[in-house]
Amino acid sequence: MRMNPTTSGSGVTTLDKKTLGRIAQIIGPVLDVAFPPGKMPNIYNALVVKGRDTAGQPINVTCEVQQLLGNNRVRAVAMSATDGLTRGMDVIDTGAPLSVPVGGATLGRIFNVLGEPVDNLGPVDTSTTFPIHRSAPAFIQLDTKLSIFETGIKVVDLLAPYRRGGKIGLFGGAGVGKTVLIMELINNIAKAHGGVSVFGGVGERTREGNDLYMEMKESGVINEKNIPESKVALVYGQMNEPPGARMRVGLTALTMAEYFRDVNEQDVLLFIDNIFRFVQAGSEVSALLGRMPSAVGYQPTLSTEMGSLQERITSTKEGSITSIQAVYVPADDLTDPAPATTFAHLDATTVLSRGLAAKGIYPAVDPLDSTSTMLQPRIVGEEHYDTAQEVKQTLQRYKELQDIIAILGLDELSEEDRLTVARARKIERFLSQPFFVAEVFTGSPGKYVGLAETIRGFQLILSGELDGLPEQAFYLVGNIDEATAKAMNLEMESNLKK
């Protein structure tokens, strides 16, 4: 299934002439196209506008049919800029939805929403393509096994573990470290699990997309010398793209991931940065199509659009797609319809806190706000569950005491509460960790901490064995042995100063 119609040497399309329509109206990225009676395209069909602009430059714009208006007219949304289009231009109905290349040929490459490579590394093998609109797997195909997906990040593995084949939301406002955490996860998963990842950059900064690409080349996730050996495919629809492209780029990335799951029978990681921008683009398109806005100005079809994307992200008997989605929270308000709708689909939430980021604790994951359906004794085991609950209780007690400390000071607390506060502060710092992808900024080498090692470290803090160590020894270290070594170094340094 090809995305664009082929053209013969004379420039005449090989598609039937009767599939030609004409542009009747252009309003920004929305086109109204008139077709001959009885030749109306279906909803979601790809339309191609070919011609020349006023300067004589060739134009090739792909659109997607969104509405049938009556009077033999359809309304379509453009996937690229509509500059230079004029009324009366020919429009070709391809007779099929947008289709994108899939399979091993996509690894190590950057694509746009149409599945066209944008990395200047030459054409991509398009012998295998999938349409971006597909139905979710049937009930009987779904896999219901529960197992944990180890990330090597202490705070995540201990307090809000990810489910293999699950959906995880990364919640946070602007500038608290969502994209850095995603880059670390891609790095850890490629190195520790050898899995294939697909990254969908939905409506984010072009600079960040470029930084991510360079970072992946440096870390070897993208193999420059042998591109097919790469572990990730990138699909970008950035902030400067029209809303149609930003609304569909998530589906393009998902379609590529589905091929690895269904045909190659692999476990795949799908990163979407940022799912809020998908909703935002849908809202823009909805307004352009003239639909009445719903709560807070969002589109009335918000739940349907989100559901059609999320239901395709699942585990089947063939393989799994584990999805990690960054969710921008407008004005840090978790009750906004966009994050609230996303919550309903998630197995785990990793909430990033501005307060922790301000303290310099990275990753700034809020240990009390982050949740996971996997944190149950029958899934993770009694030892992991009990340690996680005790860590949360200690941190919760510290949070309750903070007002008293602010007004009266630490000395007014009971002996037991003072001990709890001291341990909570150590735990808070031990939940920080140096990242591989942040080595350039921190100067500390990155650390991957296994789950057993993480549990052992927190048990030692909770048991009181490390009560004598200074709290700064626990800051930005990997496992607990590094913390004790750091404490000895700090002690030696202070002795030398004396």
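Note that Cβ sites are derived from N, Cα and C of the backbone, with glycine treated the same way.
Copied over from Swiss-Prot:
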{"type": "BINDING", "residues": "Gly172, Gly173, Ala174, Gly175, Val176, Gly177, Lys178, Thr179", "note": "ATP binding site"}
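Within the same chain, residues at least 6 positions away in sequence whose Cβ sits under 8 Å from that of Gly175 (ATP binding site) are Ala357. Those residues of the chain, other than Gly172, Gly173, Ala174, Gly175, Val176, Gly177, Lys178, Thr179, with a C-beta within 8 angstroms of the mean position of the ATP site C-beta atoms are Tyr328, Leu352, Ala357. Neighbour counts of Cβ atoms within 10 Å were compared across the binding-site residues Ala174, Val176; the minimum falls on Ala174.
On its own chain, Lys178 (ATP binding site) has Leu170, Gly172, Asp273, Asn274, Ala326, Tyr328, Leu352 as residues at least 6 apart in sequence with a Cβ closer than 8 Å to its own Cβ. With the fewest other C-beta atoms within 10 Å around its C-beta, Gly173 stands out among the binding-site residues Gly172, Gly173, Gly177. A coil conformation is recorded for Gly177 (ATP binding site) in the three-state DSSP classification, outside any helix or strand. DSSP gives Gly172 (ATP binding site) a strand state.
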